[in-house]
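Here's the structure we're looking at; comments come further down.
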Amino acid sequence: MTQSLEFDQTFGFIAKVLQMIGYPSCLAPYPTTFASRLKSSAGFVVCFLMLTYCVFGQIINIGLLMMGHRQTDQVVEEVAIQVSSTGFCIIGLAKMYSLSYNRAILSWLIADFRVKWNAGELTDKDRSIRDGTLRPTVAITTVAALGNIIMVSAFNFQPVVEMIYGRVVTGEWVKLFPYVIWFPFNSTHGAIYYLVYLFEVYSGVIVAVGNVGFNCIFCLLTSHLSMQLKLLCSWIEDMVEVEDEKGVQSKKKLYRIVRYHQDLIRGRNALQSMFSTTLFLNFSASSVLMCMQLYLITTAGITLMVKFTLFMLCILMEIFILCYYGEEILANSSSIAAGAFNSNWYQSKVSQQNPRFGKNLIPIIQQGQRPMVLTAWKFWPITIRTFSAILQTSWSYFTLLKTVMH
């Protein structure tokens, strides 16, 4: 028999991943004082400032490229590479800011879901629904986190491979960096080179962990909400008991269901408040980033093609997973109205003893007919249809860019 899943196991891995960039454990209580919050987030603040400088340095470098102050034979390709890297860093910066700014909301959501997870009245059927929903999500978020770590490792250590290859072929060391960032000093001089290289390597880790940490937190929270919606639908369908001739137990279940449904609506509103703006930026930028990657894949050599393809796949996986879990909330909230109607309230003695029982179901049915939809800044519903729209937009941008360049 499979061991029951513990609540802390659902967030445990991603909490440890986020601690790599100094983010306090999302499973820990929210600090009550400003001093304690600042102390627990000191490492995260340092990482945020490091990534902020990387964005600043890359923007300056793009400006130098476009003004012709940097010598290169392929200006368009270099600018595309820089824009892709800078865009990804800006998204990571926005997600890190969102995690920090909304830490109180995150703590409240996790505490609320923990109480519901450990509720004593859950049956074996309820626990089966609970574990069956969350186990795949934990596995998916783990794979997504590892995939992003592999991607950033490829970016971080590709220059090392190129330098070794150049040494073997030409007999000379040519100092390279993972990313092209402007510094107000000679970054290739002596020991400074190694310090700058380490700075860029860790900055790559910061942006990857910031991105995937935000995404995984979103997926886990939405999966918890989807699971609660599945439980609610199951309770609604089993609400009416045939043996309950006076309808006492059925009425108690109905009142519990109404309160539970209201709690889930508040949870959905908290998720919307926490993720809406950042996901709008993410979806908007991803269309441009995927366009850039498609262009670079068609123009780059074999070595760079592998790197750009890996980057492209990570972006695709990220957007698909976000939209998939948004779709899950839409689908499970839509089933509530059908569950209320299928509870057989009209065939039982409950409706005969208490004619108002059926009328009390009307608000649940009406609310269920307005499904919960998470949106990216009230512009994009977070659904599979939006994922398809982003792909179509990216392809349109790519074909336009190819036409202009040729």
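Heads up, the Cβ atoms here are built off N, Cα and C, so glycines get one too.
What Swiss-Prot records for 1-43, 100-136, 189-276, 323-370 is topological domain 'Cytoplasmic'. The transmembrane segment annotation in Swiss-Prot covers 44-64, 79-99, 137-157, 168-188, 277-297, 302-322, 371-391 and is backed by sequence analysis. Marked as topological domain 'Extracellular' by Swiss-Prot on the basis of a curator's inference: 65-78, 158-167, 298-301, 392-406.
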Considering the transmembrane segment (168-188), which listed stretch of 137-157, 302-322, 371-391 counts the most C-beta pairs under 8 Å: 137-157
Cβ-based contact of the transmembrane segment (79-99) with the transmembrane segment (371-391), 3 or more pairs under 8 Å: no
Stretch-averaged pLDDT - the topological domain 'Cytoplasmic' (100-136): 93
Long-range neighbours of the topological domain 'Extracellular' (298-301), counting only residues six or more past its ends (CB under 8 A): 77, 308, 402
Long-range environment of the transmembrane segment (277-297) - Cβ separation under 8 angstroms, sequence gap at least 6: 77, 80-81, 83-84, 87-88, 90-91, 94-95, 97-98, 214, 218, 304-305, 308-309, 311-312, 315-316, 318-319, 322, 376-377, 379-380, 382, 386, 390-391, 393-395, 397-398, 401-402, 405
Counts by DSSP class (helix H/G/I, strand E/B, coil) across the topological domain 'Cytoplasmic' (189-276): 77 helix, 0 strand, 11 coil
